[in-house]
Amino acid sequence: RSDDKIRVSPVAKKLAEEKGIPLENIEGTGPKGRITKEDVENYQLPVSDEVQEQD
Amino acid sequence: MKLVILGGGPGGYAAAIRGAQLGAEVTIIEERKIGGVCLNTGCIPTKTLLRAARWLHEQEKMEAYGIDVQMKLDFGELMQRKKEVVEQLTANVEMLLAAHRISTIAGRGIVKNSQTVKVATEEGVQDISFDKLILATGSRPMMPPVSGLDLPQVVDSTGALSFKEIPKRLTILGGGVIAVEFAILFEALGSKVTMMEMLPTILPREDELVQEAMTEILRQRGINVYTDATLKKVEKAGDGLKLTATGVGIPEFLETKNLLVATGRQPNVEGIGLETLGIKVHNKAVEINEYLETNVSGIYAIGDLTAKMMLAHTAAHQGLLAAENAMGQTNKMDYRSIPGGLYTFPEAASVGITEQEARKTRGDIKVGLFPYEALGKALADYEMEGFIKIIATAETNEILGVHILGDRATDLIAEGALAIGMEACLEEVAHQVHGHPTFNEGMGEAAMAALGLPLHLFPK
Amino acid sequence: MKLVILGGGPGGYAAAIRGAQLGAEVTIIEERKIGGVCLNTGCIPTKTLLRAARWLHEQEKMEAYGIDVQMKLDFGELMQRKKEVVEQLTANVEMLLAAHRISTIAGRGIVKNSQTVKVATEEGVQDISFDKLILATGSRPMMPPVSGLDLPQVVDSTGALSFKEIPKRLTILGGGVIAVEFAILFEALGSKVTMMEMLPTILPREDELVQEAMTEILRQRGINVYTDATLKKVEKAGDGLKLTATGVGIPEFLETKNLLVATGRQPNVEGIGLETLGIKVHNKAVEINEYLETNVSGIYAIGDLTAKMMLAHTAAHQGLLAAENAMGQTNKMDYRSIPGGLYTFPEAASVGITEQEARKTRGDIKVGLFPYEALGKALADYEMEGFIKIIATAETNEILGVHILGDRATDLIAEGALAIGMEACLEEVAHQVHGHPTFNEGMGEAAMAALGLPLHLFPK
Ligand SMILES: Cc1cc2nc3c(=O)[nH]c(=O)nc-3n(C[C@H](O)[C@H](O)[C@H](O)COP(=O)(O)OP(=O)(O)OC[C@H]3O[C@@H](n4cnc5c(N)ncnc54)[C@H](O)[C@@H]3O)c2cc1C
Ligand SMILES: Cc1cc2nc3c(=O)[nH]c(=O)nc-3n(C[C@H](O)[C@H](O)[C@H](O)COP(=O)(O)OP(=O)(O)OC[C@H]3O[C@@H](n4cnc5c(N)ncnc54)[C@H](O)[C@@H]3O)c2cc1C
């Protein structure tokens, strides 16, 4: 996915940057997987066991 | 899958076509004429008359270009043209339905139970069974409780569209989109027009700048615009009417040939069997969720009946999604980027929220305003009246609203609608190259102005 | 920071304003008139004349709406109107420059060395020093090597814009945008028009469907369109001209009152001192990189001089970016979403690539085509001639091109341009609600058609 160009709306992009969420982590629900403002707003930080896996 | 649609207006027929495209066996029940209000007595006939009225209005402009012009309107011929346009369009829609193998039943339908609609046709009563049902019965003019509105000189929009002659004096009750279109229309055709609106302003849903500019345009054309005015009584006087009104600045008595009542429309919720299944009605409109479904599973409602934004394209889009959802998809209806238009000359159009609403609900905002008179195309075309206004959040520059008054506004708004639909920021519109000379250059300029860097505006 | 701009056309003056906005001390050198070709002898005067011509052309439509109409054009008054529009616009630009505290020097400039431009003014030669320089000297008509083109009845576009009377017979050499606009213009004003194009088609850069439809429209209006035709010789004949031509179907000899040569334009690269600094020229145009910089650091070139897309809005946008880059920003110019327009009636406009180019370069594609005659607005307005065509990749539905022929095309294209600019897919345009009744509905329909689900088209 990372080498594919990520489809994201301009507002969503700004919002994600502001919140420090990498776009790669967000599931886009718009046409052709486009990340929308709502997707960023609904984004949940990964739960703690994922963090533990990295250790 | 049997999909039945009650009502053949723009909402209903769009649902029928999409349903057929997705493989449903579709039946559409229509008691009057396919095309509904929009094609028969709404959008299309008004726009046909307005096309002619605009040419009449433009005579002064033509003279400015060295054209010595004489025009004489035959109102009967114009009404004939209107009739032909309507007939051609409704015939097209009928052919389209037939080509999609959609059955059309002429008659009044009523929900009988959770699988059946009962239809009273010329050949008697028929029971039509369905798996899914889409209600699309539309709306009708609302008549305020004023005595004398039953006099024959009092008409609703449908009546005004079948005048036999142009009324010398026409009074219009109401100040919404339909009222303003008729005011501009009949003034250009030669009527002496008066408008009477109960609220403090005409076009109550539009941006204040549009309200003010349109009021000014109406007044410049010799139309009396009374706001904060209430009609009290209507009486016969000669072959016309005597109106009694109250309000600031309005004469107590007004003489008029005809009175056009355009005070709004109400959904057709009655007599269609909603009670039978317990389908919920709220504020006289059928209640629906984001997926256009009523509280009864498998039964959808769309269009004016749902009183969301009473526009033909809202109805049609709801119709497409309702059919898709009836066929198993799960598409949400989003009303944020639906444009609205006013087919006057100049036109007006808007999408999103007004500056006033944005200030109230979104706090810090940016506003970009660009006047038509600074556009080369406006000068070349003698269309200097107007502006494009764009509203965005101050923080992220997210575009919240676009408001246009001026030539071609109803088509220019498409760019604004797509911008909001795609969640564009001011930068996207400002950096987009717009063709020269066009009216849409004003959109780029308004966005640049909101960002503080307009090209053709004087520095502050 | 001293920013000097050579040439005051749409490219040069946009650069000047943006430079001033960003804090530069700006000087603009112009040997003729601020506004360049576009405002004085290009975009604006042609569009003013076309506005009048359109009204003349519409008489038949007016009659269809019951308007009995008589028009008589005073060509002198129309030319006077054109003059006034041009004067007002150029005066506006001059005021705008002054308000931004931009110095204007009237005279011909030539690059003297890497810090100086030498200007020959009425008061003598001045040396103007610069830190950064933007070259914006534009272009001029190209005259093919045919004998007799120096006869007084032979004009270029500037000459045609100052005709004293409407020529009874006008022959136009060339088939590009400018040639077609003049053909439509003078036919409507009453000339008998003949077009002669060397290539196999008119409008060589447009989609084939546009080429064919426009050729058909020209012919229907009684304009002789000869393609694959070569002009061999021009001679005086009475008070007009005798033309000798070769080609299939074209008579060997043609009589005409005037010949308008509109065979293209060439950049003004000569006599401005490019050699002095070794500024590179390629194919007779100044070579630039994505940042609008020439091979000499700190020296930029924009507009027709760079022969990228010879359009006013390309020049202006390049001008904005060149000024921004001169002031330290690093903004890249992207030509992919720049629209182009044809201000005929009906209009035409396009953005992105044609179907033919897409098939060649992008392999599998989707095409959506929607005819104007299926639009309610087109019927209401008697504007059934035209279509909207949208082209996308088959795999990702990325929109590659939009081609419109029909009323308001030059404004409708803005939505297509924004769609391409924002890298939209067909879905975004198809799911966008378009107002009803509008011409822009055709854009949504074309996108739906490309996806296989149009609303108002017959199933195949
Ligand atoms: C003068 C005027 C101008 C307008 N101009 C515009 C415009 O320019 N743009 C715009 O977007 N909107 C415009 N509108 C609004 C537009 O007409 C409506 O929003 C649109 O028609 C709503 O579509 P609909 O399908 O919901 O309902 P309708 O068009 O009202 O259609 C409902 C249909 O259902 C039928 N029906 C009702 N009950 C039954 C039953 N029990 N059994 C069988 N059939 C039934 C009716 O006969 C009707 O044909 C205008 C309206 C008016 C009055
Ligand atoms: C008939 C016609 C119609 C057109 N219609 C359109 C249209 O509708 N839309 C569109 O986008 N484009 C149109 N164009 C093209 C458009 O006019 C050009 O693309 C545009 O003007 C280019 O702008 P520019 O700033 O690069 O150059 P120009 O407009 O050519 O301006 C260059 C300026 O530099 C000055 N100059 C040149 N050399 C020197 C020097 N050494 N010292 C000082 N000054 C100098 C010239 O006097 C001139 O004013 C049309 C062109 C023509 C001929």
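From the backbone N, Cα and C atoms, a Cβ is placed for every residue, glycine too.
Note that TrEMBL annotation is computational and uncurated.
In the predicted model, residues of the domain 'FAD/NAD(P)-binding' (C:1-319) average a pLDDT of 98. The feature domain 'FAD/NAD(P)-binding' is assigned by TrEMBL to C:1-319.
The Cβ of C:C38 (disulfide bond) lies under 8 Å from the Cβ of C:G9, C:P10, C:I44, C:A312, C:A315, each of which sits 6+ residues away along the same chain. Annotated disulfide bond per TrEMBL: C:C38-C:C43, in sequence order.
Marked as FAD binding site by TrEMBL: C:K47, C:G109, C:T137, C:G138, C:S139, C:D304, C:M310, C:L311, C:A312, C:H313. For C:T137 (FAD binding site), the same-chain residues that are 6 or more apart in sequence and have a Cβ closer than 8 Å to its Cβ are C:L6, C:G7, C:P267, C:N268, C:V269, C:I272, C:L305.
The NAD(+) binding site annotation in TrEMBL covers C:G174, C:G175, C:G176, C:V177, C:I178, C:A179, C:V180, C:E181, C:E197, C:G264. C:E197 (NAD(+) binding site) has a Cβ environment of 26 other Cβ atoms inside 10 Å. Secondary structure at C:E197 (NAD(+) binding site), as computed by DSSP, is coil.
Sequence annotations record features per position, and here TrEMBL assigns domain 'Pyridine nucleotide-disulphide oxidoreductase dimerisation' to C:338-447.
The secondary structure of C:H436 (active site, proton acceptor), as reduced to three states from DSSP, is coil rather than helix or strand. Here the Cβ of C:H436 (active site, proton acceptor) has 26 other Cβ atoms within 10 Å, regardless of which shown protein chain they belong to. The active site, proton acceptor annotation in TrEMBL covers C:H436.
Among the recorded positions C:K47, C:T137, C:S139, C:M310, C:A312, C:H436, the ones whose Cβ sits under 6 Å from an atom of ligand 1 are, in sequence order, C:H436. Listed in sequence order, the recorded positions among C:C38, C:T137, C:V180, C:E197, C:H436 whose CB lies under 6 angstroms from an atom of ligand 2 come out as C:C38, C:T137.
Other residues of the chain with a Cβ within 8 Å of the Cβ centroid of C:G174, C:G175, C:G176, C:V177, C:I178, C:A179, C:V180, C:E181, C:E197, C:G264, the NAD(+) site, are C:I172, C:F182, C:I202, C:L203, C:A262, C:T263.
Residue counts for the domain 'Pyridine nucleotide-disulphide oxidoreductase dimerisation' (C:338-447) by DSSP state, with H, G and I taken as helix and E and B as strand, are 43 helix, 31 strand, 36 coil. Secondary structure at C:S139 (FAD binding site), as computed by DSSP, is strand.
Separation of the C-alpha atoms of C:S139 (FAD binding site) and C:C43 (disulfide bond): 14 Å, rounded to the nearest whole number.
Cβ-based neighbour count (10 Å, all protein chains) for C:A312 (FAD binding site) stands at 25.
You'll find the Cα of C:G176 (NAD(+) binding site) roughly 34 Å from the Cα of C:H436 (active site, proton acceptor).
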